Protein chains: 2
Amino acid sequence: METLYVELGERSYPIYIGSDLIRADVLAQHIPSSQVMIVTNETVAPLYLDTLLSSLPGFKVDVIRLPDGEAYKTLEHWTLIFDALLSCRHNRTTTLIALGGGVVGDMTGFAAACYQRGVPFIQIPTTLLSQVDSSVGGKTGVNHPMGKNMIGAFHQPVAVIADTQVLNTLPDKELSAGLAEVIKYGLIYDPDFFDWLEHNMEALREKEPTALATAIYKSCRIKADIVAQDERESGVRALLNLGHTFGHAIEAHAGYGAWLHGEAVAAGTMMAVNLSLKEGWLSIADAERIERIFVAAGLPVKPPRDMTESHFRELMAVDKKVVDGSLRLILLEQIGRGVVTGSFSSEHLSATITEMTA
Amino acid sequence: METLYVELGERSYPIYIGSDLIRADVLAQHIPSSQVMIVTNETVAPLYLDTLLSSLPGFKVDVIRLPDGEAYKTLEHWTLIFDALLSCRHNRTTTLIALGGGVVGDMTGFAAACYQRGVPFIQIPTTLLSQVDSSVGGKTGVNHPMGKNMIGAFHQPVAVIADTQVLNTLPDKELSAGLAEVIKYGLIYDPDFFDWLEHNMEALREKEPTALATAIYKSCRIKADIVAQDERESGVRALLNLGHTFGHAIEAHAGYGAWLHGEAVAAGTMMAVNLSLKEGWLSIADAERIERIFVAAGLPVKPPRDMTESHFRELMAVDKKVVDGSLRLILLEQIGRGVVTGSFSSEHLSATITEMTA
């Protein structure tokens with residue numbers, strides 16, 4: 001087991017990374033009273049709830065199961081957590097445990113932020129994406145019909161348990177989607193990690209535990225470094241959005257869920273790579289390395305075939321934003337160095353969209 | 001105009017106290033962008049919304065009116081604020097302004113805490129109670145059918161405007177209820193302020209602006225002192241609950257809203273006074289002074305006539321709590337010095353309940 005400390009003053013917390021970590025000796029030290037509420041979903045509960053329950057001897061444990069999927073990341077379903085907490089008479093010393101992917105983690109964290117004005121929560125992310133993404137940063141929340149993650153809070157967990165063993169039941173497609181974010185960390189911040197990923201992609205796709213633990217550790221460390229510089233997202237933290245502006249357009253076009261977030265980010269990153277190339281930053285050789293690693297990770301490197309130039313222009317509000325100067329993108333100066341910038345040629349951007357949708 | 005600074009590090013903010021303060025020169029400095037959302041209710045809007053709107057020249061201002069009353073302090077009505085913010089395309093630089101009493105303030109503050117993970121808000125409390133109570137402390141939230149204020153956040157305003165002029169339209173009964181909390185501050189913390197209140201109660205009930213401004217200033221200063229010592233309510237802040245344990249039982253018995261909160265607190269405080277007397281702390285003369293000031297403020301000094309000893313025992317869970325030692329009350333060592341204590345004779349408590357319900 002490796003332990004990574006996310007340093008945030010009095011809100012610092014450990015991320016435990018390794019195999020077979022859903023255990024009493026890991027959990028109990030982070031639970032201050034006898035009350036625990038597990039929040040999970042209908043897909044994860046049959047797989048890991050028993051393991052978690054048997055790791056909480058001596059605690060008064062209640063469980064709420066939410067339906068599985070981004071469609072249920074709503075205020076309506078979020079309130080079910082409060083109904084459960086109050087029905088089971090949990091007081092302000094209770095601890096919430098999120099057992100599931102990003103949706104469960106975001107909703108549980110937000111409920112913990114607001115129950116009696118704040119109670120502790122532990123995250124046990126069960127997808128690679130949530131292990132490398134929502135483990136760090138303290139962003140919690142739910143969607144509103146008019147926008148994703150519009151309602152939420154910054155609330156740090158008291159501990160995160162990233163157990164590589166739970167990834168054994170993760171579908172390959174979701175593993176690949178998580179790898180998109182892992183690759184992103186190398187691209188924006190750490191060329192050595194990118195090299196390492198090139199050499200270990202096969203082991204990662206085969207779910208080799210040591211390789212997974214290394215990838216998770218390095219990803220979380222990079223994210224923690226960036227978040228520590230910018231907890232409230234006013235500057236450098238935007239780097240984490242590499243590929244996301246193009247990616248969100250892809251998700252919106254395909255319909256959320258039709259393309260996994262990580263898949264859209266991979267294709268979106270290739271668009272950022274294409275533009276970075278035109279700006280004279282990346283070499284062709286580096287652009288090809290990036291394309292190869294996404295392919296090796298089982299990820300798309302182009303937007304959906306039916307997406308046209310005008311789809312992108314409209315979904316990204318390109319014309320309006322270019323006029324008012326508000327379009328900022330994350331581009332790559334080189335592998336391992338991302339930049340947040342509004343300084344790129346709008347002709348280059350147009351050419352990128354044209355080429356990538358050809 | 002007097003200005004009281006609530007010192008909370010980077011979350012410090014001013015409370016402006018005086019007459020006729022809903023003005024552009026007070027407001028504009030606290031609004032960082034062009035977007036403003038006013039949250040108010042159906043009772044207050046006809047009285048003061050126009051004044052507020054005319055104090056916001058040059059801003060893009062939207063308004064949402066909630067129904068008036070504690071019954072609407074729910075998650076369902078809270079979400080209407082998000083619907084309005086998103087429909088009117090407010091971004092994360094928007095500022096919310098709460099124009100109303102405690103319910104509007106609590107709901108608006110909680111919406112500001114959660115909209116896009118936190119935006120600034122300004123409070124313009126329009127009742128004496130909310131001016132002296134919710135102006136300080138950062139508590140925001142809504143009720144759940146199974147408990148009051150169960151869902152919420154700590155979120156500090158960027159400024160509070162306590163305008164004595166808006167109290168001119170406040171019903172006398174609500175002014176008295178606010179005075180109950182004002183008297184409480186003297187009782188728990190400041191004997192000189194208590195003396196001052198004894199001499200100025202008539203002016204306060206006549207809504208004399210200078211007297212009101214002094215009472216608000218001193219009340220907020222005392223609460224700010226206490227909150228600065230204990231922002232998250234782990235110790236001394238409990239003093240603010242003088243009379244509240246008995247008072248909540250009264251409110252629950254009468255049905256919330258049948259007795260105003262301040263009325264229940266006044267009668268509850270007299271029960272705490274009775275018990276403090278039995279414990280040998282307060283003198284009979286001081287107990288009589290306290291009773292006289294509540295009467296002078298137009299407040300009840302006994303629980304509702306139909307409330308029996310067994311109502312109190314049940315609603316306060318006295319027997320269970322005495323057995324497990326968890327019943328802690330706020331008592332008075334003398335006028336101006338409150339204590340949070342579990343060390344009182346349970347016979348004395350029984351005798352107090354018996355006497356006060358006789």
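Here the Cβ of each residue, glycine as well, is placed from N, Cα and C on the backbone.
According to TrEMBL, the NAD(+) binding site annotation covers B:68-73, B:102-106, B:126-127, B:LYS139, B:LYS148. As annotated by TrEMBL, Zn(2+) binding site applies to B:GLU181, B:HIS244, B:HIS261. What TrEMBL records for B:64-176 is domain '3-dehydroquinate synthase N-terminal'. Summarising the annotation, TrEMBL assigns domain '3-dehydroquinate synthase C-terminal' to B:178-322.
Everything TrEMBL records as a feature, shown here on the structure.
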residue	record	contacts (Cβ under 8 Å, 6+ apart)
B:ASP68	NAD(+) binding site	B:ASN41, B:GLU42, B:THR43, B:VAL44, B:GLY100, B:VAL103
B:GLU70	NAD(+) binding site	B:VAL103, B:ASN143, B:TYR256, B:GLY257
B:TYR72	NAD(+) binding site	B:LEU66, B:VAL103
B:GLY102	NAD(+) binding site	B:PRO125, B:THR127, B:LEU129, B:SER130, B:ASP133, B:SER134
B:VAL104	NAD(+) binding site	B:VAL39, B:THR40, B:ASN41, B:VAL44, B:LEU66, B:ALA98
B:ASP106	NAD(+) binding site	B:LYS73, B:SER134, B:LYS139, B:THR140, B:GLY141, B:VAL142, B:ASN149, B:GLY152
B:GLU181	Zn(2+) binding site	B:LEU129, B:VAL132, B:ASP133, B:SER219, B:GLY262, B:VAL265
B:HIS244	Zn(2+) binding site	B:VAL265, B:GLY268, B:ILE330
B:HIS261	Zn(2+) binding site	B:LEU129, B:ALA177, B:GLY247, B:GLU251
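Sequence-distant neighbours of B:LYS148 (NAD(+) binding site) (same chain, 6+ residues apart, CB-CB distance under 8 A): B:TYR256.
Secondary structure from DSSP puts B:THR127 (NAD(+) binding site) in coil. Residues in the domain '3-dehydroquinate synthase N-terminal' (B:64-176) partition by DSSP class (helix H, G, I; strand E, B; coil) as 45 helix, 34 strand, 34 coil.
Averaged over the domain '3-dehydroquinate synthase N-terminal' (B:64-176), the predicted model has a pLDDT of 96. Of the chain residues outside the Zn(2+) site list B:GLU181, B:HIS244, B:HIS261, B:LEU129, B:ASP133, B:ALA180, B:LYS184, B:GLY243, B:GLY247, B:GLY262, B:ALA264, B:VAL265 have their Cβ within 8 Å of the site's Cβ mean position. Just so you know, the Cβ of B:THR127 (NAD(+) binding site) picks up 25 other Cβ atoms within 10 Å once every protein chain is counted.
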